[in-house]
Structures are given as C-alpha cells and as structure tokens.
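Written below as structure tokens is the structure these notes are about.
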Amino acid sequence: MKLTCMMIVAVLFLTAWTFATAEDPRNGLENLFSKAHHEMKNPEDSKLNKRCVKYLDPCDMLRHTCCFGLCVLIACI
C-alpha cells in the first residue's frame, strides 16, 4: 500500500515537473515531441550537430569533440 502511494506521488510529481519546465506549458509534451520530429526531418537543425569544435580550436581528447579530423594535444586538426 505504501509503495503504491509512493509510486502515484512520484508519477504526479514527474508529470507536474514536465509541464512546469516546458517552454510552452499549454502544449507540454506535444511541443517537445514536435521539436524532436522537426529535428529528425531536418538534421541540420539538431542541437547535437552544433556541439562540435572547428579546425584549430581547443578540443577535448576524451570526448572527441572535433567536427572533422582528430583532437591532437589541445587542438582539432
């Protein structure tokens, strides 16, 4: 019984958190999914594509952050 109540409270809390942190609370999850769908249709708009480091800029060897080439010491080549 206690576990069931805790699960219900957790689900309600997570649902409220999702709607409270949404950019437009009226659309909630619908807005989130429409953005993801748009990024799938147009991969250039994806945020993941914008995180890479350009040529000769400082990079992170462990995370492979260079757009093209390799990260040697501290710069992308």
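Backbone N, Cα and C define each Cβ position, glycine as well.
Keep in mind it's a predicted model, so treat the numbers as computed, not measured.
Copied over from Swiss-Prot:
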DISULFID  Cys52-Cys67  disulfide bond
DISULFID  Cys59-Cys71  disulfide bond
DISULFID  Cys66-Cys76  disulfide bond
SIGNAL    1-22  signal peptide
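Feature annotations (Swiss-Prot) mapped to structure.
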residue	record	DSSP class
Cys52	disulfide bond	coil
Cys59	disulfide bond	coil
Cys66	disulfide bond	strand
Cys71	disulfide bond	strand
Cys76	disulfide bond	strand
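The closest partner of Cys76 (disulfide bond) among the disulfide-bonded residues, by CA position, is Cys59; the full candidate set was Cys52, Cys59, Cys67. Cys76 (disulfide bond) is surrounded by 21 other CB atoms, counting those within 10 A of its CB over all protein chains shown. Contacts of Cys71 (disulfide bond) defined by a Cβ separation under 8 A and a same-chain sequence distance of 6+ are given as Val53, Cys59, Asp60, Met61, His64, Thr65, Ile77, in order along the sequence. The Cβ neighbour count for Cys67 (disulfide bond), using a 10 Å radius over every protein chain in view, is 14. A simple way to gauge crowding: the CB of Cys52 (disulfide bond) has 14 other CB atoms within 10 angstroms, across all the protein chains here. Taking the disulfide-bonded residues Cys59, Cys66 in turn and counting surrounding C-beta atoms within 10 angstroms, the largest count is reached at Cys59. For the pair Cys66 (disulfide bond) and Cys52 (disulfide bond), the C-alpha distance works out to 5 angstrom.
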